[in-house]
Amino acid sequence: MQYLKNKKIGIICGGWSKEREISLLTAKNVAKALARIGLKYELIDIGRNFHKQITEAKIDIAFIALHGKPGEDGTIQGFLELLGIPYTGSGVLASALGMDKILTKILFQYGKIPTPKFVTLNRNEDLVEKVTLAEKKLGFPIVVKPRYEGSSVGVEIIDNKKKLIQRTKILRREFGDIFFEEYIEGMIATCGILDDKPLPILELVPKKERFYSYKAKYTKGETEFIVPARLDKKTSLKIQELSLKAHKIIGAKGYSRIDLVVKNNQKPYFLEINTLPGLTELSDLPKEAECAGISYDEVILKILKTALI
């Protein structure tokens, strides 16, 4: 802590992804925490000229508060490594892997971490052919997801083939590579990792949406948060163990958040990992930490210390 007193911390936020507004909210909360702790900081709302902005800020440590590209895909991490500036959270490779939902699911399969079945569709493949394959392999309803987005951006649940073809054309045009995922009905949950240890599991109950959508995530009152989740001890321990395994299998560092669905309150299916989970007042990880007796300021300090390891 004494070491940090003399350092200038750059809170890197903003960017140009569809999650920009969430990044700014995260940064605002982080800034308040650093002020309460008594540390020096500067908010750096980055644009395409981020190399100049970061260099001119003359920071000692970077607190990465970005969501989506260019912060969650390894770009900023690589740049900071070139500058020799310590930064919070996961490194280049783990960040890039975590941003790629398809590679993440392949790694989950390799590590025997249960994940819903899926069918991929890249920019150049025959759309109708792949939709037919998805229908045969997964059955309806089918979840459609962009390969590289976060915060449930572009995620839809589709109930029939005609609509799936229509929506897939639009989504592929907007997002490029996408994939179809088996729809698992069950409890929506997340398990945060902090200090490379699992936190209590958070159960999410969207009040209006069919799934934990962007609107459900970031609109106050849209989702009921239940922590710890209403699961038996054996299932909870299994989820925490597999969440930590997911964190480790992609090489994540310090903190992350794993999203999952629990079928029949017993069988977990892991969907994805977030290497830069939200730290807003509505975000999941701070709520899980609070349940474990860890205050928001302590969470920020623990994350900050990952830059010094």
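Along the chain as shown, the residues are counted starting at 1.
Keep in mind that glycine also has a Cβ here, set from the backbone N, Cα and C atoms.
Straight from TrEMBL, the features:
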ACT_SITE  Glu19  active site
ACT_SITE  Ser151  active site
ACT_SITE  Ser283  active site
BINDING   Asp259, Glu272  Mg(2+) 1 binding site
BINDING   Glu272, Asn274  Mg(2+) 2 binding site
DOMAIN    105-305  domain 'ATP-grasp'
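Counting other Cβ atoms within 10 Å of each Cβ, the lowest count among the recorded positions Glu19, Asp259 belongs to Asp259.
Per-residue confidence over the domain 'ATP-grasp' (105-305) averages 92 (mean pLDDT, predicted model).
Here Asn274 (Mg(2+) 2 binding site) is positioned 13 angstrom away from Glu19 (active site), judged by their C-alpha atoms.
Asn274 (Mg(2+) 2 binding site) counts 22 other C-beta atoms within 10 Å of its own C-beta, drawing on all protein chains shown.
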